[in-house]
Amino acid sequence: MENTKDLTEHSSRPERKRRDSFGMFDGYDSCSEDTSSSSSSEESEEEVAPLPSNLPIIKNNGQVYTYPDGKSGMATCEMCGMVGVRDAFYSKTKRFCSVSCSRSYSSNSKKASILARLQGKPPTKKAKVLQKQPLVAKLAAYAQYQATLQNQAKTKAAAVSMEGFSWGNYINSNSFIAAPVTCFKHAPMGTCWGDISENVRVEVPNTDCSLPTKVFWIAGIVKLAGYNALLRYEGFENDSGLDFWCNICGSDIHPVGWCAASGKPLVPPRTIQHKYTNWKAFLVKRLTGAKTLPPDFSQKVSESMQYPFKPCMRVEVVDKRHLCRTRVAVVESVIGGRLRLVYEESEDRTDDFWCHMHSPLIHHIGWSRSIGHRFKRSDITKKQDGHFDTPPHLFAKVKEVDQSGEWFKEGMKLEAIDPLNLSTICVATIRKVLADGFLMIGIDGSEAADGSDWFCYHATSPSIFPVGFCEINMIELTPPRGYTKLPFKWFDYLRETGSIAAPVKLFNKDVPNHGFRVGMKLEAVDLMEPRLICVATVTRIIHRLLRIHFDGWEEEYDQWVDCESPDLYPVGWCQLTGYQLQPPASQSSRESQSGSSKQKKKAKSQQYKGHKKKRKMPVGKKPVSLSSLPMTGGVRRSFSGDEELTPPPAQTAPEAFPPPSTSREFIPSLKTVTTLQLKEELIDGEDYNFLQGASDQESNGSASFYIKQEP
């Protein structure tokens, strides 16, 4: 018994010591001394309440203080002078910060302790004293804590807004239309999406059910927005009460017949289970002639998300500080086909550049030398262990051109998208003709004396245009900086500069049947900060040229991109690949940025990020983490950040019955028509057909370069 008592006594003392010192000050050890002295106050019988673990600790002049949140108020210990949260103080009267102070105050050492404090002598062990801080220091620290609380509240509110963004809510509430997946050939399933559309039936988890096991039910696509689909359980007819959004490429979406093949039960939702007594007959009638996903759909999704680029591969990429040259970089990570490249000379691996693996900005090792492009030699004399050159066949191919006949020449004038301000098309000049159809372009009036801001475009690039393109298509052309004869006239400018225009026939006039329409929603890379992908809208279409607007931002941040740009993605791409999507900016963020941009109109930066004007991210709008992003080569097995990705929960469950089984398996093809026979429900041997999705056949056509084709 004595041993047990001793263990209990010794184990309780460190616990009290921990609670006394936690959040208040370190090394407070009076509780570890003899505490047998009597106390006349009621406080001596109470235990110390531990301080909240999330309470911030502020150090001032060597002392540690804990300050309140404005609701509890502050209190000062009458024994040691400690300032802290009133509610965390000891006793009902909140006069002391700990049991030891309460007991010491009531003990015979009270007078000696107070006298020692007043005389500035070291406190005794029984009543350890902390120097009382001046009121000004306390108030200053308290004000600092209040400011911290306000900033945390703002950040939390913004973070909730960002995390709470839902493509489904955004599209539904505004009746938006999203660009179809077939518009993005570089995206997963972009070339094999088939005719997945409204009324296609799928098997999905049934959450309007309280069975302990996971069950499924059939749902139909009500609306399609990129990869996301608005689904309605079969049997709800026109009732949208339990409609829900989900990503069609998710792991819980299956073609009709999957449950039968996998032995999973089909259970009607609880809300409608009373509507029919024979659900099998209902399904036979509803699904006759309906379309469903191909049986190998999930396999195709997984295959389309396998990327040939791997970490440690070496490439040549544009130098973001000197556009006229390239540098060696190493693939750090691959996310959805997007590469985070780290320049080889970056010791801390923070000097990076984001682009897609099909971007025209990256090339195989040796490309610069082969065409005569400027190249920055690395100080690293040999490859680092594990690094290897990327095979040349993995890079995007450019169209072969014949430079033997009439061709571009140095000094010729043209119009080009400014790589440092992608919202403008400017007057430009060919500064150098390279091999294999590549050209070095300079923006008139904005060029550096050493040509460090020249940019490399291929002759077939959709970012360069013949003289007069903007005027004919009613696009504002940005004249050379400092040019005073406005409005700008090409005829006068060519005469004044003694220049000639590049021949129209040398430019790329191919206009593919891209499928984009004005007003369509998508996810687009902000080329000002290539690591960010934002909610965006197509606002204008000129042939193959798209004007991309970032929702919530002013038009000055728009950018011109090609319809086949690898920097555009379908709605739901970020969710599918695990990349962080930046939601539309709030009004307060726009106003804040508008004020700052007016005060900072500086000269064009030489660092290639896209736009000339830098955009501040709204509070809480954090860029995607470069190190914590998940690496995936297949389909994500779970989604987050969207409350409508799964059907709403339910309360009770009906009795389950086995799903209808098929008389034969689906043939893995996008163009298969499969006969589905439901057991016990065949009437006179009649067959019931499920039509598999057929592939879209996108045709590339050509059009007159000067005919306005803006839908």
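Using the three backbone atoms N, Cα and C, a Cβ is placed for every residue, glycine included.
As stated in TrEMBL, the feature region 'Disordered' covers range 692-711 out of the listed 92-111, 372-391, 692-711. Scored on C-beta pairs under 8 angstroms, the neighbour of the repeat 'MBT' (488-584) with the top count among 165-269, 277-373, 375-480 is 165-269.
In this model, the repeat 'MBT' (277-373) carries an average pLDDT of 93. In the repeat 'MBT' (277-373), helix, strand and coil residues by DSSP number 22 helix, 37 strand, 38 coil. With DSSP classes pooled into helix, strand and coil, the tally for the repeat 'MBT' (488-584) is 19 helix, 34 strand, 44 coil.
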